[in-house]
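Colleague: Here it is, the structure, as structure tokens.
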């Protein structure tokens, strides 16, 4: 039998693009060679002699007789038969095609993820959208790969993975399944390392209030000073400053209360206004005998400042105010924003708390050089009345403790969040006071022994009754008045009880929010230390395993991978149905015998 061999142009090399015909998009040059643009195929083959038929020579038949020359068409080069292309070809073409097609198909290559026995299937390109996460980073997820089952196994919460996988599929949208609690889903977010940004978006979607970022000064020295005086939990020295501040506040409040005791108050009055030793017993007349002679005020006013400075309460108050002033000035000069510092309500309270001291000291200094005038006693009485009102402002120092007390901060946030409910409560009380005070006045109008002389006079009784205090100083005596009083008490109980659950709910919310924030901060520190330790220990083995897997993947063709995926489905179903150790061993044995299944890393 004679075999006709076709002479090949360009040494038998052909340009293949996507499995199509050779020479697609190419033109023939004068020398008979094909010239192709870069987009026409992958690459030109090497110019090598065409492979000879096995056991034959070029131009002779099997019997050794020369063959007649065949007619050639220089314009239309002949192609090899399909069987020759498949059987005899350049291996470089197949490798190039596998590389390009493998790079394109790797993005769409499917991957199996086993979550506590529940299998999920997705594409590698879907996971690669977030390369910094656990599933998106090949080096991170490699430690969970099971080469026998060709899947990644995670012993985690199964319902939560629906939301985790949707995060990759949707491009970053995180939705918690309805049958998963908040804390469990938050743990899954941290385990799969979705990042702080995903956690913040999750908290916002769930209704959590975003934590305000604490601004810090840019200067390093100012930052350290600001942290020491503003955030007691930042360091040991900051806690020491906070303890000193709390002690000074308590001493100031105790002094403010003790100086009003009768024994201390009388002693202070004697120090400030001692009796005049040369005062005559009987009434003295003036020079013209028209009236009594006014007592000399010079000995009383002149030594006023030394006696005030010698007062122990004044010394303690001065010491406390010096500390408050020092603390306020240091915090003001170290704050990151002077405008924000001036608008802060707590800083305004600090200024108001030390303001009365300087007014009192200025008043004492202003009265020191005064002489004995006729109207000076009246001016002193007026100034003392004003000073009493100003000294009352010192009681606001109690609010300085809220800077160092989480409980007071929670209470303040609760009242701030419940302003609408408190406004409704006051509005309902106002309506009830007007209604029941008018009713009790007209019910008691005909009685001579009534305690309600007018409607405004009955306001006090209505407020005391609606709040269920009941002092008893004002009470109705007639039957109609007692009926009105009973209705007033019942209405007061109902009015006050309505907004109380909302206020309690707000308090619980802020309380648990504060406690959860502290627990999360401690958990972050613990997780950070653990991740640092595991990263140092397992970094080398992970890198070596990933390199080995990459080499194994380079030798797997697209057809074999597709066949492995198709052939793995029955085995996976068998594994899901295995309910005993015997069935499990059989399924593993069948999996090991499956030679068409390739390891996919």
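Don't overthink the numbers, they just go from 1 along the chain as shown.
The backbone N, Cα and C atoms fix where each Cβ goes, and this holds for glycine too.
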Colleague: Return whether the side of the membrane given for residue 345 in Swiss-Prot is the same as that given for residue 515.
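Modeller: The record shows them together on one side of the membrane, with a shared topological domain name.
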Colleague: With Cβ-Cβ distances below 8 Å as the criterion, list the same-chain residues six or more beyond the ends of the topological domain 'Extracellular' (442-455) that contact it, or say none.
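Modeller: Same-chain residues near the topological domain 'Extracellular' (442-455) but 6 or more away: 461, 473-478, 480-481, 483-484.
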Colleague: How about long-range neighbours of the topological domain 'Cytoplasmic' (335-345): same chain, 6 or more residues beyond its ends, C-beta under 8 Å?
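Modeller: Same-chain residues near the topological domain 'Cytoplasmic' (335-345) but 6 or more away: 215-218, 222, 226, 230.
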Colleague: So if I exclude everything within five residues of the ends of the topological domain 'Cytoplasmic' (405-419), which remaining residues of that chain have a CB under 8 angstroms from its CBs? That is, six or more out.
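Modeller: Long-range Cβ neighbours of the topological domain 'Cytoplasmic' (405-419): 399, 499, 502-503, 506-507, 510-511, 514.
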Colleague: Short question: which residues 6 or more past the ends of the topological domain 'Extracellular' (476-482) have a Cβ under 8 Å from it?
Modeller: 440, 443-444, 446-447, 449-452
